[in-house]
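According to Swiss-Prot, the protein has these features:
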{"type": "DISULFID", "residues": "49-62", "note": "disulfide bond"}
{"type": "DISULFID", "residues": "56-67", "note": "disulfide bond"}
{"type": "DISULFID", "residues": "61-77", "note": "disulfide bond"}
{"type": "MOD_RES", "residues": "60", "note": "4-hydroxyproline"}
{"type": "MOD_RES", "residues": "63", "note": "4-hydroxyproline"}
{"type": "SIGNAL", "residues": "1-22", "note": "signal peptide"}
């Protein structure tokens with residue numbers, strides 16, 4: 001009888017702690033995903049246009065910049 005009570009209380013305690021942990025980590029994962037998404041957007045290789053001083057041989061320059069010096073190696077984005 002005592003062993004059964006201890007077992008039931010242990011199972012209830014473990015279940016409650018798992019539920020609390022799952023709810024807590026679900027909120028953390030949501031913020032983590034948003035942070036990773038923002039970091040991916042800020043990577044230089046992930047941008048669709050070349051910034052000032054970057055090459056414009058394979059991709060266009062960002063707005064306000066022009067591709068200049070288009071020799072054999074391609075141009076450079078400049079104002």
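Every residue, even glycine, has its Cβ placed from backbone N, Cα and C.
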Specify the nearest of the disulfide-bonded residues 49, 62, 77 to residue 56 (disulfide bond), where nearness means the distance between Cα atoms. 77
For residue 63 (4-hydroxyproline), which residues in the same chain are close in space, meaning a Cβ under 8 Å from its Cβ, but six or more apart along the sequence? 49
Fewest other Cβ atoms within 10 Å: which of the disulfide-bonded residues 56, 62 wins that one? Let me know. 62
What is the number of other Cβ atoms found within 10 Å of the Cβ of residue 67 (disulfide bond)? 17
For the disulfide-bonded residues 49, 61, 77, work out the Cβ neighbour count at 10 Å and name the residue with the minimum. 49
How many Å lie between the Cα of residue 61 (disulfide bond) and the Cα of residue 67 (disulfide bond)? 6
Quick check for the class: what is the C-alpha distance, in angstrom and rounded, between residue 67 (disulfide bond) and residue 77 (disulfide bond)? 5
What count of other C-beta atoms do you get within 10 angstroms of the C-beta of residue 60 (4-hydroxyproline), across all chains shown? 12
